[in-house]
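Student: According to TrEMBL, the record shows the following:
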type: BINDING; residues: ASP134, GLU159, LYS189, ASP193; note: substrate binding site
type: BINDING; residues: 160-162, ASN194, 223-230, GLU246, ASN281, 302-304, ASN349, HIS358; note: NAD(+) binding site
type: DOMAIN; residues: 194-355; note: domain 'S-adenosyl-L-homocysteine hydrolase NAD binding'
Amino acid sequence: MTDSSYPPISEQLDDVDDARTEGRRKMDWAAQHMPILEHVREEFLADQPFEGERIAMAMHVEAKTAILVETLADGGAEVAVTGCNPLSTHDDVSAALDAHENITCYAKRGVDDEEYYAAIEAVIAHEPTVTVDDGMDLVAAIHEDYPELIDGIVGGAEETTTGVHRLRAMDDDGALEYPVFAVNDTPMKRLFDNVHGTGESSLASIAMTTNLSWAGKNVVVAGYGYCGKGVAKKAAGQNANVIVTEVEPRRALEAHMEGYEVMPMAEAAEVGDVFLTTTGNRDVIVEEHFEKMQDGVLLANAGHFDIEIDLEALDDLAVDRYEARDGVDAYELEDGRRLNVIAEGRLVNLAAPVSLGHPVEVMDQSFGVQAVCVREMLENSDEYDAGVHDVPDELDEEIAEIKLEAEGVEYDSLSATQREYMGSWDHGT
Ligand code: RBV
């Protein structure tokens, strides 16, 4: 059975009390802007749907995520949490969470690979009945190293595009042995979090990190999925000239029809001022591109993993490397050009020193879906076999309705005649 001696954050900080106070302050601010989780939390407090359950989570441990964690704990669960990226954790929030009697938090900022996985194992040692992932690291570690726990796991939920992509690959191989909801794929998540959240927070993080303007810049957005669309749209809104690179013909065409320049990365490399990768794939910006870039360019990644920009190749090319600013590494090439990499090529909206992740409002939506997915998985576990599952549409609608009510937005509903019309095939001309 699993055994872990990795300590929770409270045992790793010098001044835990101060950290907890500051973490709680950040959480209070976030909570004020999360009406969906507030609503769901009240329901969970009354119904205690998670009594006796153990929920394991690997997510970006900051204030908004902390509100989700508390919401699940307030529903009666024992929750064990760690980070899903070594640079996105806020230690103070981690400490505030760890103070909750039903929560153990292992997340710590700046951990190396070994500590990162030790913390994941510490979470798994709680022998979860439910997993909540952002990037699928928990599912992977459980299947690879602790398969004996799978029988006790009712199911899981996955937050992000990359995690869902990995899960589907695992499912196609017949290797996924418990059910997992693809939270990312719901309209309430990806039309808001991926588009507006990634767009706003990536651009804001880059601007804050560099103190440079978007206006008049050539901004190269690699990938025109939901995240790329958001980044492109917001960059255009900041008066940048947006160039899109794509490998999928319909998306390339979509970007073209949206009015962006579309070209291969090999050409974009020559003219770009800022490069932002959002593909979820590896080796998007590589040596041949570095060779052509102008002096002073900014390179950043908004995809889940730090594999989109080939930093090893850049390091090999460079004759010098230094920290130009907090969160900016300048790689100086032999001919004197400096290529500036932000946040070590890790997802820039969470990993740059000033980053705060997506805006609170969109995370309220994504985490609202997460919370009702955990409820659904436990309430109706018989309905979900091992594999990736779409989130039932009613759950997604439930979250949209809570949000609309909180915003005071009223909307129409179908009349009986309209409903009949939409459900029939025999009304012609
Ligand atoms: N994300 N989380 C935050 N907690 O501040 N910001 C973004 C936060 C999630 C987002 O839902 C995305 O799918 C994922 O991070 C990528 O790792």
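Numbers run from 1 along the shown chain.
Even glycines carry a Cβ here, placed using N, Cα and C.
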Student: Using a 10 Å radius around each Cβ and all protein chains in view, which of these binding-site residues has the most neighbours: GLY225, GLY303?
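Tutor: Checking each of GLY225, GLY303, the winner is GLY303.
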Student: Could you tell me the maximum Cα-Cα distance in Å between the residues recorded as binding substrate, namely ASP134, GLU159, LYS189, ASP193, rounded to a whole number?
Tutor: 13
Student: Which binding-site residues of ASP134, LYS189, GLY228 contact ligand 1 in the sense of C-beta under 6 Å?
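Tutor: ASP134, in sequence order.
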Student: List the Cα distance (Å, whole number) between HIS358 (NAD(+) binding site) and LYS189 (substrate binding site).
Tutor: 12
Student: If I take the alpha carbons of GLY228 (NAD(+) binding site) and ASP193 (substrate binding site), what is the distance between them in whole Å?
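Tutor: That separation, Cα to Cα, works out to 12 Å.
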Student: Ranking the binding-site residues THR160, ASN194 by other Cβ atoms within 10 Å, which is at the bottom?
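Tutor: Looking at the binding-site residues THR160, ASN194, the Cβ with the fewest others within 10 Å is that of ASN194.
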Student: Determine the Cβ neighbour count for GLU159 (substrate binding site): the number of other Cβ atoms within 10 Å of its Cβ.
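Tutor: I get 31 for this one.
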Student: Given GLU159 (substrate binding site) and ASN194 (NAD(+) binding site), what distance in Å do their CA atoms have, once rounded to a whole number?
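Tutor: Taking the Cα atoms only, GLU159 (substrate binding site) lies 11 Å from ASN194 (NAD(+) binding site).
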Student: Cα-Cα separation of LYS189 (substrate binding site) and GLY303 (NAD(+) binding site), in Å?
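Tutor: LYS189 (substrate binding site) to GLY303 (NAD(+) binding site), Cα-Cα distance: 16 Å.
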Student: What are the sequence-distant neighbours of ASP134 (substrate binding site), meaning same chain, six or more residues apart, C-beta distance under 8 angstroms?
Tutor: ALA58, MET59, HIS60, CYS84, GLU158, GLU159, THR160, GLY163, HIS304
Student: If you skip the near sequence neighbours and keep only those at least six away, which residues in the chain come within under 8 angstroms of ASP193 (substrate binding site), Cβ to Cβ?
Tutor: HIS358, VAL362, MET363, GLN365, SER366
Student: Which chain-mates of GLU246 (NAD(+) binding site) that are at least 6 residues away have a CB under 8 A from its CB, listed by sequence?
Tutor: GLY223, TYR224, ALA252, ALA255, VAL262
Student: With every protein chain in view, what's the tally of Cβ atoms within 10 Å of the Cβ of HIS358 (NAD(+) binding site), excluding that atom itself?
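Tutor: Excluding its own Cβ, the number within 10 Å is 26.
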Student: Count the other Cβ atoms sitting within 10 Å of the Cβ of GLY228 (NAD(+) binding site), across every protein chain shown.
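Tutor: Around the Cβ of GLY228 (NAD(+) binding site), 29 other Cβ atoms lie within 10 Å.
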